[in-house]
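The structure appears right after this line, and notes come after that.
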Amino acid sequence: MRQRKPLVVANWKMNGSFDLVQQMSAALSVLTQPLPDILICPPVILLPHFPKHPNYLLGAQNVSEQLAGAFTGEISADMLRAAAASYVIVGHSERRTLYGEQDAVISQKVKVAIDSGLTPILCVGESLVQREEEKTLQVLARQLDAVYAAQPHLLAHSVVSYEPIWAIGTGRTATPEQAQQVHQFIRQHLAQYDAQAANELRIIYGGSVTAANCEALFAEADIDGALIGGASLKVADFSAICTMAKDS
Ligand code: PGA
């Protein structure tokens, strides 16, 4: 029996609608326990439209590293909490590559999130070029150390999501073996900071996860769930993935 409760995250990115909120919440509400922790991260403007239900939690896709003030367009961790979010995705590769987020700001976001009572889901992952140059583990170590080397106490309050950039939105998934190898590396690497927290840490996988390929991923020892983009917009597919995760 796995001691870490699986976590299945829907990252809607800049997609979704009031209709999808209704359909998704209705579908998830009728799933029967036991379930994994199910987390929906829609665009923040949709958060207040989700009816409260014990079958799912809500989260955001980004947070400001600042607490409050003159930061046009930003949303604070406290505001997310007030909007019923309990988790926040931090350092997604789309934020890193399209919006220039660097390790230092990502590290600050993780800290601010935890200080406000949010659980950050730290995304790490290598590009195709980095993988081909066999730099995957080096890149991941850098991304992880940027957050936890100076602040090891944050580990016990985090989730890590391994998301190879070459697998995001491409239909190309890491094989379960490839993903397991990296997840195991992440857990071992983080054990230097806090062995117990690393053992209890949920490390989830992201990158073209579907109802068809999730079962094999969930069967791996160090894969504790998934972060899902495209398939999280399809109500039947996402519900099916959640149902399969409960048995992993
Ligand atoms: P995808 O997105 O499932 O559409 O590949 C995953 C992600 O953003 O991590």
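Yeah, the Cβs are placed from backbone N, Cα and C, and that goes for glycine too.
TrEMBL entries are annotated by machine, without manual review.
The feature active site, electrophile is assigned by TrEMBL to HIS92. Counting Cβ atoms from all protein chains shown, HIS92 (active site, electrophile) has 27 others lying within 10 Å of its own Cβ.
For GLU163 (active site, proton acceptor), the count of additional Cβ atoms within 10 Å of its Cβ stands at 27 [all protein chains shown]. In the three-state DSSP classification, GLU163 (active site, proton acceptor) falls within coil. Marked as active site, proton acceptor by TrEMBL: GLU163.
What TrEMBL records for ASN11, TRP12, LYS13, GLY169, SER208, GLY229, GLY230 is substrate binding site. Taking the Cβ of GLY229 (substrate binding site) as reference, residues of its chain lying under 8 Å away and at least six apart in sequence are, in sequence order, ASN11, TRP12, LYS13, ILE168, GLY169, GLY206.
Closest to HIS92 (active site, electrophile) by Cα-Cα distance, out of the recorded positions GLU163, SER208, GLY230, is GLU163. Classification of GLY229 (substrate binding site) by DSSP places it in coil, neither helical nor stranded.
The substrate site is set by ASN11, TRP12, LYS13, GLY169, SER208, GLY229, GLY230; from the centre of their CB atoms, other residues of the chain with a CB within 8 Å are ASN15, ILE168, ILE228, ALA231, SER232, LEU233. Counting every protein chain shown, 26 other Cβ atoms lie within 10 Å of the Cβ of ASN11 (substrate binding site).
Less than 6 Å separates the Cβ from ligand 1 in the case of GLY169, SER208, GLY230, drawn from the binding-site residues TRP12, LYS13, GLY169, SER208, GLY230 in sequence order.
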